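Below is one structure, written out as structure tokens; comments come after it.
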């Protein structure tokens, strides 16, 4: 029998601590070993028993969550799931938490927290289980995914975009599609900061809630040569530009002649995610086919696996991040299981692979 995941709760609200403990202990695989009102009390509790995962509030007395997180990562890296309010200020704070080493950030409302946590326990439990599997050796300064807490029914990409065979236009621009979840912000930062402005146009799904993706895109845009934007319907996918799907919406690739653009739309969560990697990858398979490169990276679950297989069947080049370099080897593993991955490579090799494969796509288009 597998050992339970030992969780420590750190939040200055007694109500939140009580509700969190109640909802988490409904899962037979989780054991709450303590609840602390602030990081000072948390450190005392950790001196007696070290947790597998820490659920940490951001704003607390005596020491704020970001300061404690930085201290923890410097002394003994431990998976941390941060709780942040779903506001513009909370989104900026979440980016600081990810940069400081949080494995995941979950959103909570500014009001009605008790009712929200009780109704949305499933997503928090899923994040804790993903965090418990995180390979902290691969966790440098920046990391992780942020997700909304509602756990919806599991729909397939059919609920958003019908399956069909797409055509390919010779001479159409090359494009790269990236999909990732837990550990993804760190991985995406690594890849995007190493790409020049003449790289292929890029479309990205990173599992993240509404309001958080804009802050994520803004941060990346400030440190990359590429133009990084939170996508809007009609945005053109052009060389030197990366478009990130907005939280709470699906992103689809469309084609007009030899040019690509994106469509942002609502619809049910697919594989319990909105945006969904499967939705993006299916649309890329249909719009770009063999003119595309698909990359599935670190993350929990199977979102993107079927879509990547559709890309491969449409003639696209497909790669998966290898287990050694993943924070959580879930999505690439599931894609490899069903034959969707042409080959697996380390995170360190992905930027050059994007450039090399982009060059080969250009050569193929010129020959065609």
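Numbering starts at 1 and runs along the chain as it is shown here.
Each residue, glycine too, has its Cβ placed from N, Cα and C.
What Swiss-Prot annotates here:
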type: ACT_SITE; residues: 181; note: active site
type: ACT_SITE; residues: 207; note: active site
type: ACT_SITE; residues: 303; note: active site
type: DOMAIN; residues: 6-123; note: domain 'Response regulatory'
type: DOMAIN; residues: 169-355; note: domain 'CheB-type methylesterase'
type: MOD_RES; residues: 57; note: 4-aspartylphosphate
Worksheet, complete the sentence: CB neighbours within 10 A of residue 181 (active site), counting all protein chains shown, number 30
Item to complete: Count the other Cβ atoms sitting within 10 Å of the Cβ of residue 207 (active site), across every protein chain shown.
Response: 30
Worksheet entry | In three-state DSSP terms, the structure that residue 207 (active site) belongs to | coil
Worksheet entry | Composition by DSSP (helix, strand, coil) of residues within the domain 'Response regulatory' (6-123) | 53 helix, 28 strand, 37 coil
